[in-house]
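> Have a look at this one before I ask anything.
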Amino acid sequence: MYVLNKNAHNERIIDCKAPVVESGGGHKGEFKKENSTGVEVTRYKAKTRYFASFNYFTGNVSVSGEHIKGHSRTIKRLYYKNDMFNKTLGAVVCFNPKRLKRVFANITDLNRNRNGAKNIAIIGFSSTVSQQRLSLPPNPQSEAPSINSNNSDTVSTNFQDKDIAEIESYNEEAATPYNYKEDSNNPMNWPKSKKTSLLLVVSMNSFMGYFSSAVYMPATHDIMVYFNTNLTLINSTIALFLLMNALAPLFWAPLSERIGRRWIYIVAIILYTVCTIICGISTNLGLFFAFRLLQGIFACAGQAVGGGSVSDIFEPHERGKAMSIYILGTILGPAIAPIVGGYIDQYLGWRWIFYIKTILGGILIILNFIFLKETLYTPNVKKLPPPANFRERLQRLRFNPFGSLELLLKREVALVCLPVSIAFGWFYFLVTILPQTFGSVYQFPTGSIGLCYLAGGLGNTSGSIFAGAISDKLYHKAIAKNNGETVKEFRLRPIYIGVPLIALGSVMYGWFLHIPTHWMGPLASYTIATFGIMFTITVANTYLVDSNHTKAASVVSANNFTRNICGMIFSLTAVQIRASLGDGWAYTLMAIMCVVAYIICIPLVQKFGQNWRESSSK
């Protein structure tokens with residue numbers, strides 16, 4: 001991250017270190033009180049340390065230096081206000097090293113300022129803990145401060161004793177972190193009933209996305225006949241839907257961190273409902289494909305933003321159980337949808353599948369308006385001054401839609417997403433060809449095929465619920481054994497409960513179909529496999545949100561991207577793999593892939609994850 005030291009008005013800004021008492025009794029800092037037109041103190045939190053940045057505007061000095069390694073990139077723009085001229089001064093933060101001109105961020109580690117602290121200069125901040133203003137009387141007749149800026153990261157000037165005492169007194173106050181428990185407006189302090197109702201509606205929004213992707217699977221044959229095409233082409237609509245589920249959250253998640261969560265839910269479900277009814281009345285394959293694709297874009301908004309909403313309103317010690325309820329909507333969608341779709345297609349025709357979804361979308365629009373409140377909360381101490389004009393307002397809304405994917409460059413995130421994505425892809429491999437499998441092996445009609453998905457729904461639901469409860473319990477126990485010290489990787493320990501169940505259920509499912517046995521054999525195996533898959537996915541999701549709390553929506557979107565890409569690939573190749581290998585070896589191969597991915601990736605994250613996170617924050 002790099003900082004430019006000129007604003008839109010081409011005015012120079014100086015950003016100075018706070019004075020610090022060192023062991024030798026000296027002090028450091030770049031403030032000359034009688035010359036300043038205003039002082040603003042901004043405190044940042046990076047990991048467990050607090051940093052204070054003192055910004056003094058003299059209008060005629062600048063600090064040059066080399067860029068310095070930073071931490072995460074939450075803050076894209078810092079705004080300061082000049083008292084004398086009443087203009088907004090912007091410190092532009094960018095990621096492109098080619099745009100680097102001058103650096104003026106010099107931060108002091110307040111955590112050690114009484115023990116011979118060394119000045120630490122960083123320009124990559126995590127989240128703003130507080131932003132306060134210390135007003136000082138301007139005195140334009142004074143001389144400018146003495147600056148030494150020979151391409152170094154620091155500047156220095158002299159202080160009067162009274163000035164040092166005054167600023168250090170403020171320093172001590174600024175070191176107190178924001179306490180959300182004392183803020184009644186913080187969503188984490190909402191009544192339990194309000195948080196529960198919001199969580200259920202958020203889960204329903206997530207449910208609609210996956211429900212839409214799977215509800216017409218039992219009707220693929222009838223849709224193929226109506227449009228006079230082939231099964232592979234119709235199955236590609238499922239793959240396209242998953243592709244949109246992978247790409248669209250890259251837009252929804254960062255946008256929700258700019259404008260808030262609530263309107264993302266509302267606007268997306270309205271547009272989803274419009275696209276759904278057009279799919280239902282389509283008379284040609286091109287129109288059906290186009291609006292099925294658009295439907296996928298809007299249906300996934302709930303999945304993209306839901307993890308962020310859960311992180312907004314629940315504290316870490318209760319987040320595992322809340323995450324399991326949220327994910328319950330995600331897994332009930334593909335579990336219930338084929339049952340509903342099978343019977344609707346059998347008795348009403350395939351178009352009514354989309355008409356029923358339109359009705360459900362309308363109901364969800366009403367629920368969103370009534371129960372969804374804004375959860376993306378910014379305390380008053382963290383709020384930026386209001387934008388001076390419309391252009392500045394638009395600049396604050398700017399975001400990088402592919403910023404979520406940057407999180408995949410973090411080793412701990414990538415290594416958790418990989419096995420989860422393979423497991424999710426295997427799940428879609430299974431559900432995509434289940435109608436053909438049970439139709440050809442057991443000659444089930446459409447309605448009965450839909451009922452087969454109940455086995456997967458039972459496994460998914462129980463896996464998610466048990467994962468949430470066990471995850472929280474083992475997490476608290478691990479913290480207690482670690483003398484109360486929290487390590488995010490403790491969240492991953494329960495994942496080993498689910499991995500052997502994936503292997504066992506998958507192998508049994510494939511070979512029971514290969515023999516074949518009574519239909520209850522593969523369905524029982526299906527339940528075991530889906531229990532293990534959803535158990536591991538829930539545990540992994542909770543870890544990702546906990547370890548990236550300030551970017552919860554973005555990390556969920558990154559995980560969602562990799563999962564749906566795998567789901568798309570596996571659903572496209574499912575028919576060919578089954579035809580080439582047969583049921584027994586096809587599902588054995590899937591089991592081996594899942595187990596190998598988990599037993600390689602997860603232990604690495606458990607051993608090195610904390611060090612990786614700490615090193616990336618320096």
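Backbone N, Cα and C atoms are what each Cβ position is placed from, and that goes for glycine too.
Here's the feature list from TrEMBL:
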| type | residues | note |
| --- | --- | --- |
| REGION | 132-155 | region 'Disordered' |
| COMPBIAS | 141-155 | compositional bias 'Polar residues' |
| TRANSMEM | 198-219 | transmembrane segment |
| DOMAIN | 198-609 | domain 'Major facilitator superfamily (MFS) profile' |
| TRANSMEM | 231-251 | transmembrane segment |
| TRANSMEM | 263-283 | transmembrane segment |
| TRANSMEM | 289-311 | transmembrane segment |
| TRANSMEM | 323-344 | transmembrane segment |
| TRANSMEM | 350-372 | transmembrane segment |
| TRANSMEM | 413-435 | transmembrane segment |
| TRANSMEM | 447-471 | transmembrane segment |
| TRANSMEM | 492-513 | transmembrane segment |
| TRANSMEM | 519-540 | transmembrane segment |
| TRANSMEM | 585-605 | transmembrane segment |
> Tell me whether the transmembrane segment (585-605) sits in contact with the transmembrane segment (413-435), defined here as at least 3 Cβ pairs under 8 Å among residues 6 or more apart in sequence.
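They are in contact.
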> Can you see whether the transmembrane segment (519-540) and the transmembrane segment (263-283) are touching - at least 3 CB pairs under 8 angstroms, only pairs 6 or more apart in sequence?
no
> Taking pairs 6 or more apart in sequence, does the count of Cβ pairs under 8 Å between the transmembrane segment (231-251) and the transmembrane segment (198-219) hit 3 or more?
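Yes, these stretches are in contact.
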> Determine which residues of the chain contact the transmembrane segment (198-219) at the Cβ level, with the cut-off under 8 Å and only residues 6 or more beyond its ends counted.
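Those are 190, 238, 241-242, 245, 265, 269, 272, 276, 295-296, 299-303, 306, 309-310, 313-314, 322, 325-334, 336-338, 340-342, 344-345, 350, 353-354, 357, 360-361, 364, 367-368, 371-373, 375, 431-432, 434-435, 446, 449-450, 453, in sequence order.
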> Same-chain Cβ contacts of the transmembrane segment (447-471) under 8 Å, 6 or more residues past its ends?
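Tertiary neighbours of the transmembrane segment (447-471) are 214, 218, 320-325, 327-328, 331-332, 334-343, 346, 430-431, 434-435, 438-439, 491, 494, 497-498, 505, 523-524, 526-536, 538-539, 542.
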